[in-house]
Amino acid sequence: MASRLLRGAGTLAAQALRARGPSGAAAMRSMASGGGVPTDEEQATGLEREIMLAAKKGLDPYNVLAPKGASGTREDPNLVPSISNKRIVGCICEEDNTSVVWFWLHKGEAQRCPRCGAHYKLVPQQLAH
């Protein structure tokens, strides 16, 4: 048992010595090109990068962000984007409600939630692709 511990300690010491540079100082490795930890913008690739760049411009091409709530009245309905003529919508009605009221929303005039009376309106949206 003791020999196994000594062998392990010797291996760790050898690795530490190999990690040191020729001057005896520990070699430094940089994570980012400028040194330090890279930012999210430097590290993001693919779809994540596209979303971050669009968010800087104030856009949400993939509907990642929560929709902006309106007052829900007939004059100022909640706008629901859709690529078709109808879409199923879920209304929570009240903050502490534990169930969701689902109903179909069709293109045209604003429609009301059957339970709470909040108004929703379907608006056309193009795909980001």
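The backbone N, Cα and C atoms fix where each Cβ goes, glycine too.
Here Swiss-Prot flags C91, C93, C113, C116 as Zn(2+) binding site, drawing on similarity to another entry. Summarising the environment of C93 (Zn(2+) binding site), the number of other Cβ atoms within 10 Å of its Cβ, over all protein chains shown, is 16.
K68 (N6-acetyllysine) has a Cβ environment of 8 other Cβ atoms inside 10 Å. Summarising the annotation, Swiss-Prot assigns N6-acetyllysine to K68 (among others).
For K86 (N6-acetyllysine), the count of additional Cβ atoms within 10 Å of its Cβ stands at 12 [all protein chains shown]. Under the heading N6-acetyllysine, Swiss-Prot lists K86 (among others), citing similarity to another entry as support.
Positions annotated as N6-acetyllysine by Swiss-Prot: K121 (among others). Shown in sequence order, P77, N78, L79, V80, L105, E109, A110, Q111 are the residues of the chain, 6+ apart in sequence, with a C-beta less than 8 angstroms from the C-beta of K121 (N6-acetyllysine).
Look at Swiss-Prot and you will find 1-31 tagged as transit peptide, backed by experimental evidence.
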Cα-Cα, C116 (Zn(2+) binding site) versus K86 (N6-acetyllysine), nearest Å, comes out at 21
C91 (Zn(2+) binding site) and K68 (N6-acetyllysine), compared by Cα position, are separated in whole Å by 14
